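Encoded as structure tokens, the structure appears first; notes follow it.
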There are 2 protein chains.
Amino acid sequence: MIRYPNGKTFQPNKTVSSQNSQKRTHSYSNRGMTLEDDLNETNKYYLANQIAVIHKKPTPVQIVNVHYPKRSAAVIKEAYFKQSSTTDYNGIYKGRYIDFEAKETKNKTAFPLQNFHDHQIEHMKQVVRQDGICFVIISAFGKVYFLEADKLFVFWERKENNGRKSIRKDELEDASFPISLGYSPRIDYISIIEQLYFSQEQ
Amino acid sequence: MIRYPNGKTFQPNKTVSSQNSQKRTHSYSNRGMTLEDDLNETNKYYLANQIAVIHKKPTPVQIVNVHYPKRSAAVIKEAYFKQSSTTDYNGIYKGRYIDFEAKETKNKTAFPLQNFHDHQIEHMKQVVRQDGICFVIISAFGKVYFLEADKLFVFWERKENNGRKSIRKDELEDASFPISLGYSPRIDYISIIEQLYFSQEQ
């Protein structure tokens, strides 16, 4: 069975529940939501509160065949998933360009680098060269981590030089910042950006 | 017949010609290329020369039905075009967030504002509030214009207040900057951004 790049099979018309008003626990284990759902809710919160404008890019699709029925909407009858040449999320916070990718793993001991492909790493390097704020959000080991692109590149180079093909749990803990999880916003990654790039103490 | 938001019907697998090595004329009339083709080539040039990292977002598609054949790629069997909630292009230049929409008209006397929808204008206002560099590239009257979002909003407000539903040619000429057209880059909009936002003389 062919799957999405994130390993999930396709589920049509998934609706994000906004009914749940209970305080959420601070663990990512055994929850019904995906990282993507939570990031979408987080970005909606940032947008509604004029904190930041960050959107997930649409899934790239190669369209091959479209029907144009009379008096109703065009129907795409044949199309294929394409590999993206960029990361999934980008936007703006306080004038600065923000660019990131989000990844999940169920692996208990390490984060596999095969979650990224060459094009994404190359894109992140281009963004860093243009002085963008570039990072990855990793959901692993029941937590959510903010890993700056420069740190990711070090692990990527090790892999390219025939080293480990993953980031060990303790390495990730050392290299990254934990993102606090809450109800609203759910994954407050902007607070990390504020501390790292905008705080007077830096 | 249902068409793309830009009024064109769908054409599968269109290939951008890169064979044409002739110097291009500086008129947009009677050419085989679309504005989108030229902007894609321009963005490739900026990327290859490490000038800027700007990408067109994928066309948003609502996927309804996917087949997973054995030993071959997943096939999307039913999907629909969705209206985008943002502009088509964004990225980074010298650390600043860049966001724009590109529009063409064949109208000889005015640029119709129905080329934009409310969501796009709202998105542009959010970007401007976050101090992003936001504008539209308009191909009209045989030229290509760079119109800052703030200027567009003035014409949009006039329409909302039951005024003209278009920008007259002379109004557009006054409010915008002409973009010089060339072979490589084809539509050098970054040079306008450089003058407007990065020049020492401002």
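The backbone N, Cα and C atoms fix where each Cβ goes, glycine too.
All annotation found in TrEMBL is predicted automatically rather than curated by experts.
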Candidates B:E78, B:E101, the one TrEMBL lists with B:T86, B:D88, B:Q120 as binding Mg(2+): B:E101
DSSP three-state assignment (helix, strand or coil) for B:Q120 (Mg(2+) binding site): helix
Listed in sequence order, residues not in B:T86, B:D88, B:E101, B:Q120 with Cβ within 8 Å of the centre of the Mg(2+) site Cβ atoms: B:K57, B:S84, B:T87, B:Y89, B:D99, B:F100, B:H123, B:M124
B:Q120 (Mg(2+) binding site): tally of other CB atoms within 10 A of its CB: 21
Within reach of chain A, those recorded positions of B:D88, B:E101, B:K103, B:Q120, CB-CB under 8 Å: none
Around the Cβ of B:D88 (Mg(2+) binding site), the count of other Cβ atoms that are within 10 Å: 20
